[in-house]
Amino acid sequence: MMNKLTVKPLPYAYDALEPVISKKIMELHHDKHYAGYVNNFNNLLDTGKISSFNYNGVIIHEIFWENMRAPLENKLPPKDLFEDFEKFKTEFSAAAVSVEGSGWAVLWKTESGLAIGQLEKHNLLGINGAKPILVLDVWEHAYYLDYLNDRKMYVEKWWNLVNWEDVAKRLG
């Protein structure tokens, strides 16, 4: 039987990602949406059921939190991380901006290398053993209070938050 999940604290203060992501969004995102996935999963578990939607919602949000750091602490990725960083950034951003409706942009580590993809919702987090390395939440709750319907601007500014040490660790 699976164990119950717990709401993990953010690895930084709610306001640490400002001005890119506001304190208000982080409070709502962490304390309502993410915590809701934890609570919904645990409530279903009590009835003997499991939910991939809620379970994967917890896992991918935890990666998302760890994939970010305060803008002032951010650095460029290590030179050996990507062959052509600007090309990668352009392709990942395009994947994020073009998610239909709610979802995620994901950099996957696969048996054959790295792949950029999209997840609608988050039911299918573990696709063929691929491991998510870098994730960007493009559900409206992740940016709407700050950027309204300008997902592209949110994605552009999000690059200032990427925790490249965490990404490199996940690749290792």
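All residue numbers here begin at 1 and follow the chain in the order shown.
Here the Cβ of each residue, glycine as well, is placed from N, Cα and C on the backbone.
Bear in mind that the values here come from a model prediction, so they are computed numbers and not experimental data.
As written in TrEMBL, here are the features:
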- His29, His61, Asp137, His141: Mn(2+) binding site (BINDING)
- 6-47: domain 'Manganese/iron superoxide dismutase N-terminal' (DOMAIN)
- 81-170: domain 'Manganese/iron superoxide dismutase C-terminal' (DOMAIN)
Study note, to complete from the structure: The correct DSSP tally for the domain 'Manganese/iron superoxide dismutase C-terminal' (81-170) reads 38 helix, 24 strand, 28 coil
Practice item. Report the same-chain neighbours of His29 (Mn(2+) binding site): residues 6+ apart in sequence with Cβ closer than 8 Å to its Cβ, ordered by sequence. Key: His61, Asp137, His141, Ala142
Exercise for review: Would you count the other CB atoms within 10 A of the CB of Asp137 (Mn(2+) binding site), including those on all shown protein chains?
Suggested key: 27
Exercise for review: Could you check the binding-site residues His61, His141 and say which one's CB has the most other CB atoms within 10 Å?
Suggested key: His61
Practice item. Using DSSP, tally how many residues of the domain 'Manganese/iron superoxide dismutase N-terminal' (6-47) sit in helix, strand and coil. Key: 24 helix, 0 strand, 18 coil
Study note, to complete from the structure: Within 8 Å of the Cβ centroid of His29, His61, Asp137, His141, the other same-chain residues by Cβ around the recorded Mn(2+) site are His30, His33, Tyr34, Phe64, Trp139, Ala142
